[in-house]
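Over in TrEMBL, the protein carries these features:
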BINDING   Gly229, Met230, Thr231, Gln232, Met233, Gly234, Lys235, Thr236  ATP binding site
DOMAIN    207-397  domain 'FtsK'
TRANSMEM  12-32  transmembrane segment
TRANSMEM  38-59  transmembrane segment
Amino acid sequence: MSKKQQVSDDLYGQAAGAIGGLAVTFGVLAAIKDKLGLSWPATVLLTAGVLVALGYGAWRLRAAIVRMLAGEARTGTALKQEAPTTATEAAEEAVPAHPELTAALTTAGVIGREQVIRADEVTITDVPTGTLYDFLVPKGRTYEDVEKRLGTVAGMFGVTRLHLTMERSRDNERRVKLLKLHEPPFTKPFPAPTRQEIEAYPGVPFGHDVTGRLAGVPTFDKASLLVAGMTQMGKTTLVNGIITCLLIAYGEFEMYLLDGKFCGLTKFEKKAVRYESSDDPAVFENMVDELNARSDNRYAKIKEAIQKRQPAPKFTPVIFIVDEAADFFAHDESKEGKEQARRIAEKTRSLVAKSLESGISSVLMTQRPSTNAIPVMVRDQFLYRMCLYVASAGTTKVALGDTYFETVAPINPALLDPDIKGQAVLFANGRSTLIRGFNFEDEFIWSVVDQAIAVKQQEKTLAAPPKSPIERAIEIMRNEGVDFMRSVDLAPHLGITEPDPTECGKQLSALLGVGSGRTAQGRGYKLDDLTAAARSSS
Ligand SMILES: Nc1ncnc2c1ncn2[C@@H]1O[C@H](COP(=O)(O)OP(=O)(O)OP(=O)(O)O)[C@@H](O)[C@H]1O
């Protein structure tokens, strides 16, 4: 249908409706006029008045209904809006902030001004050494926010950094376990651990932490340790404790000891593969040379295994321990002295740097942690560092590294009480722990050394591999009680029956893998040379 036609149909419809409406209206008015007996104008006016009044009444009624409905809706919305505010307030009222922790952590800048430590997420326990705070930092924060500002937090608690230790939790990054000591650390000594306690420790314990638990490093494998501290602060005692624990916890290892203080490490002489008591740099250099040769030998074996696609060879760990190392890097300002010091520093750096693969670890101690005592190129190679009491923060940096105070929660060793001996800051794997070294009874150390030797003997007897010619030569010379033996005298012991001395010497040297030396007694072998050669081949 067209639009035009629809419009004309609509007009017809509306006109018909209007005529119908007029006819009905006229009919209704005529009926009213007839019923009431009024004139036509009065009937029209009365009807119009009644209709207007009815319309007004209907409008009033509709408005009242609309108002009523709108009123109900508004009340509902208002209630809905108010409800959450009231609920939040109720929750906040029900869970108040922990005042002490919130104030301390806000002022220390650990949490924001608008944040709180919820009291229902705080547990405070009294332990024998202090007060333990176990709490959750607000959402969006982690324990690291506290750790980074531990010194400031300690200040807020009215104690020093030394009084505070913190632990992270395995269950939640937001959980912080903070221990505030009642007294300065180690005010009361802890008893030295028993053999069983050391055996049960997962790693090598170096001492007690401030709560009396054993603290140390997870492994000494592929690691090196630098121990610095001023004289009489307990370095030697601490390292004697560490060696004792190594003997108990570490299983089989070879020990090279250089006692720069002459008697600091003597208790372990019997167990050492090589023990020297000297402050002569040449002795130090000689030991470093021997160890570097062993290291090179081990590297060669590793390389060979890789080339042959064999599993990496296993080496017996070697630990080189030097008490008072600084003297060996010092020089007398002469040209030769300076050259020797430079050479020794480079060889030591190389030895420490290679410990990772060669399994030869070094422990260097120094009582002179001054700028040039241990060359920086040597110091920087140490994975573990320890610093006992030193007089200044500057000296701490010499021992622990130039950037030590920028690490997480550093502890300043200059703040340690120098009267409580053996305290040290252990800096390992980027974290600092305050410990106190063990002060074992002599009898305990002797028994540990004896037992380690006995176990070694037993193992040797049980699984004695056939001796190499060089080992047999060493044994022969030791049994004879001589430091030197002529080739012609040694050869028959090793089954060489060649009568011609030159040929005999050649065969012997080929068998041993070492050349002979000429001495006043004739051509032959020194026990020391054979021992060094035997060591460097293992
Ligand atoms: N953990 C400890 N507990 C109790 N006493 C200790 C402890 N450590 C060391 N001492 C005591 O402190 C004194 C000094 O110790 P030690 O000889 O080990 O220090 P040092 O730093 O090696 O000294 P130096 O470098 O002068 O030889 C010793 O009398 C020792 O008994």
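Placed from the backbone N, Cα and C atoms, the Cβ positions cover glycine too.
Overlay of TrEMBL feature records on the structure.
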residue	record	Cβ neighbours (10 Å)
Gly229	ATP binding site	30
Met230	ATP binding site	17
Thr231	ATP binding site	10
Gln232	ATP binding site	12
Met233	ATP binding site	23
Gly234	ATP binding site	22
Lys235	ATP binding site	26
Thr236	ATP binding site	22
Using DSSP and collapsing to three states, where does Lys235 (ATP binding site) fall: helix, strand or coil?
helix
From Met230, Thr231, Met233, which binding-site residues have a C-beta atom under 6 Å away from some atom of ligand 1?
Thr231, Met233
